[in-house]
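Swiss-Prot has this to say about the protein:
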| type | residues | note |
| --- | --- | --- |
| BINDING | LEU20, ALA21, GLY22, LYS33, ASN61, ASP78, ASP108 | GTP binding site |
| BINDING | ASP108 | Mg(2+) binding site |
Amino acid sequence: MITTQTLPTLQPSDTSWVILAGGQASRMGGQDKGLIQLNGQPLVQHVIDKLAPQTPTLLINANRNQSQYQQFAPVISDEFPDYPGPLGGIHAGLSHAPTDWVGFVPCDSPLICDDLVARFCQAVKPESDILVAHDGEHQQPVFTLFHKRVLPKLSAFLARGDRKIILLYDECHTSYVDFSDAPSCFFNLNTPQELAQFGALHP
């Protein structure tokens, strides 16, 4: 009789999660988006409130106002001086997080669902390098879970000047996590108008 051995499901406690707050926020007039107030709290605090019950290890990727972010969680910064978008934060997270699996979310999504980490963990396969959320219509490339074995490939990718996150996903064993029943999880706030509207709709 041949038996197949299944790998145990990755546990949320065996993951670290990084909140990406290192962008330039040009559509927010250059303001540091994670520190913008929403209903009396900085945006990054809303994200922490959603993630903290799901995972024991949280980090913040920030490239300015690090001392302010340090009040919320340990801060890591990009190693690349040209700030290569979210891949710079992902590179920093993979370099500094204590676990083999490292997840990433943006700092401007206050409606992250309560089982986001569990869904990612349950979707991990033996061959997985990267997992990316999918809302049923589109992939959500900055809601993602990476294994640290991707770090050398990511370093080479950035060193040759590539900056498009989706191109990296095409080069790795990437699979997608179904969030078609929870598309609001990925709602993000990009402009002052969206921020004001969201605050009014969600007092």
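Backbone N, Cα and C define each Cβ position, glycine as well.
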Span of LEU20, ALA21, GLY22, LYS33, ASN61, ASP78, ASP108 as binders of GTP, largest Cα separation rounded to whole Å, comes out at 19
Reading the DSSP string in three states, the entry for LYS33 (GTP binding site) is helix
Reading the DSSP string in three states, the entry for ASP78 (GTP binding site) is coil
Counting every protein chain shown, other Cβ atoms within 10 Å of the Cβ of GLY22 (GTP binding site) number 27
